[in-house]
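Reading through the structure tokens given below for one structure.
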Amino acid sequence: VAVLASGNPGIELSQAPLVLSGQPSTKEEMVDAEHPPAKPHWYERYVMPCLAELMGSTVFVFLGCLSVVENTEGTGRMQPALVHGLSVVPIVVMLENISGAHFNPVVSLGVWLIGGMKLIMLIPYCIAQLVGGILGAALTKAVASSGSYAITAGGAFNVIKTDSQIGPALGNEIILTTILMLVVCLSAANGQTKSPLAPVCAALTVAINILAGGAASGPCMNPARAFGPAVVANYWTYHWVYWVGPVIACLISSLLMRFVFGDRKMRLFLK
């Protein structure tokens, strides 16, 4: 889940004042031209965004796992779908101007592939997200009832039980994660289609995908969400599906943005 905002350290934004005909247009801008703003501190450029990804991933995974562990009988997929989806909005709005609000390793990879962030931040972002997933799952274990925790494997993805389910589950992860990635890229990163409703679009997509494909694979769409509870609950059965599917989806969506749907700055050809 992600929204690329002006606070994303990978997006280059000009700090220069507006200049008309070679001269500052107002007295205030003239002062700014004479005393340009100081460059962001290294802490704001490199450390704070990773801490924001850590905190956002922790909160998202905690709420998501808890919604599965404490899912009341009879609600089916409704409770996890709503919690995973609705939790995206406040977390993204709170942290988007600090880190871009990715909270998902494949989103960070996709953002880098379409030119939305610097390579130097990619690995730190992914590490922060995975550690956040572990912390969120640990918090779930600390507050959940032991009986419910054991039955649900701590919120880990345990839908796949046999080898015959691998194909449909993997396809489900690829398709639904591709949809999510395209929603994120088109509503938050693409210049022609960027919208202030990007957090809402991402949240609705997460909820809809879980309601639509919950029986096939979960779905996960986020390796950090799968990795955290797998570590804490030590549940690794078919865990690789929740990495391979989203990564393939990330590559597909990035190719579509680079060659088909991206704006002139993002597209590689036919500009």
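Glycine too: its Cβ is placed from the backbone N, Cα and C atoms.
Record features, source TrEMBL:
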- 46-69: transmembrane segment (TRANSMEM)
- 81-103: transmembrane segment (TRANSMEM)
- 109-127: transmembrane segment (TRANSMEM)
- 134-157: transmembrane segment (TRANSMEM)
- 169-189: transmembrane segment (TRANSMEM)
- 196-216: transmembrane segment (TRANSMEM)
- 240-261: transmembrane segment (TRANSMEM)
Spatial neighbours of the transmembrane segment (169-189) far in sequence, C-beta under 8 Å, 6+ residues away = 1-5, 106-107, 110-111, 114, 116, 159-160, 195, 197-198, 201-202, 205-206, 209, 212-213, 216-221, 238, 241-242, 244-246, 248-250, 252-254, 256-257, 261-262, 266
Is the count of Cβ pairs under 8 Å between the transmembrane segment (109-127) and the transmembrane segment (196-216), pairs 6 or more apart in sequence, 3 or more?
-> no
